[in-house]
C-alpha cells in the first residue's frame, strides 16, 4: 500500500517536473517571438481568460499602443499581428497557472492524506514559495520592459530562469528519491565521487546562467563559427569594457566565450566521471545528455539561432541538470 502511495506521489512530481521543462520552452518561444511585453497588465484571476470579443481585443491593443515597445518597434501593426503576439504571451501565462494548479491541488491532497512525510512537505513548501516568487519575478520582468527603454534586463531574464531551475531541482530530486532504490552492489562509492558530481552540477548551473546571458544579450548573433571565434581560439575583444570585471557580465564576446569554455570543461569532467564509474548505467545518461546539449548549442550558433533548435537547447539544459541530479541521488542512496 505504501509503495502504491509513493508511486502516485512520484508520478505527480514527475508530471510537475516535465511541465516546468515545457514552461521553459514556452518562455523561450515567447522571448524569441518578442511577444513577452504584449500583455501590459497582470491579473492573476481575470487574466486567465483571453479577450472574448472585438471590443475586448481593441481595448487590449489600445493598452499596448501606449507602450514604448509599440511606438519603437511595432508602430502601425495590424490587429492580426497583435493577436498573434498576445496569444503567445497568453499561452505562456496560462500554462504557468496550469502548472501551479497541478502542483498545489495534489500537494494539498497528499498532505492532508499524510501520503508524504513532514520532511517532504517542508521541501515541497519551499518549492511552492519559489513558485510564488517566480510569478512575481515574471511580472516584474515584463513591467521593467514597459518603461522608456523597451528591453528586458538580461539579469532579470537570468533570475527568472534560475528560479525555474531551483523549482525543477527541488521537485525532480524528490522524484528521484522515490524512484531510485538502494541496490546491493560491489561498487564502492567514495565521498569524493559525490563531491565531484556536486562540482559538475554547480558548473552546469553556472553554464545555464551564462546561457541566459547569451540569450538576453543576443550574444549568439556574433561569432557564428565553431570551434574558432572570428578565426581565433580567444577573440581579441574580450576585455574592452571598463572596469574589466564588467566584461564577464555584459560583453557579448566574453559571455559567449565563457559559455563555450564551460561546455567543454563540463564535457571533460563528465567523461572522466564516466570512465571512473563505468559500471553505473545512469552516468552514461549524464554523459549522453552533455554531448546532446553541446551539439544543440553548436547547431544553434552555426544556424544563427533557429527558434526550434534554440528552444530545444534551452529546455535540454534542464534535462541535463536532471540527469546529474539522478546520478547524485543514486550515489547518495548507495552510500
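The chain as shown is numbered from 1 upward.
Backbone N, Cα and C define each Cβ position, glycine as well.
Noted in Swiss-Prot for the protein shown:
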BINDING   259, 313  heme binding site
TRANSMEM  9-29  transmembrane segment
TRANSMEM  90-110  transmembrane segment
TRANSMEM  120-140  transmembrane segment
TRANSMEM  156-176  transmembrane segment
TRANSMEM  197-217  transmembrane segment
TRANSMEM  255-275  transmembrane segment
TRANSMEM  283-303  transmembrane segment
TRANSMEM  309-329  transmembrane segment
At a C-beta cut-off of under 8 Å, are there same-chain residues at least 6 beyond the transmembrane segment (255-275) that contact it? List them, or none. 193, 196-197, 199-200, 203-204, 206-207, 210-211, 213-214, 217, 219-220, 222-223, 226-227, 229, 234-235, 238, 248-249, 283-284, 286-287, 290-291, 293-294, 297
Grab the same-chain neighbours of the transmembrane segment (309-329) for me: Cβ-Cβ under 8 Å, and only residues 6 or more beyond its ends, written as numbers and ranges. 17, 20-22, 24-25, 28-29, 32, 164-165, 168-169, 172-173, 176-177, 180, 194, 197-198, 200-201, 204-205, 207-208, 211, 215, 220, 280, 282-283, 285-286, 289-290, 292-293, 296-297, 299-300, 303
In the chain carrying residue 259 (heme binding site), residues 6 or more apart in sequence that have Cβ under 8 angstroms from it: 207, 210, 211, 213, 214, 219, 297
Are there residues at least six beyond either end of the transmembrane segment (120-140) with Cβ under 8 Å to its Cβ atoms? List them, or say none. 42, 44, 96, 100, 103-104, 107, 111, 156, 159-160, 163-164, 166-167, 170-171, 174
Around the Cβ of residue 313 (heme binding site), other Cβ atoms found within 10 Å total 24
Determine which residues of the chain contact the transmembrane segment (9-29) at the Cβ level, with the cut-off under 8 Å and only residues 6 or more beyond its ends counted. 88, 91-92, 95-96, 98-99, 102-103, 106, 110, 115-116, 160-161, 164, 167-168, 171-172, 174-175, 178-179, 215, 307, 310-312, 314-315, 318-319, 322
What parts of the chain pack near the transmembrane segment (197-217), using Cβ distances under 8 Å and only residues at least 6 beyond its ends? 28, 31, 152-155, 157-158, 161-162, 165, 249-250, 252, 255-256, 258-259, 262-263, 265-266, 269-270, 273, 313-314, 317, 320-321, 324-325, 327-328, 331
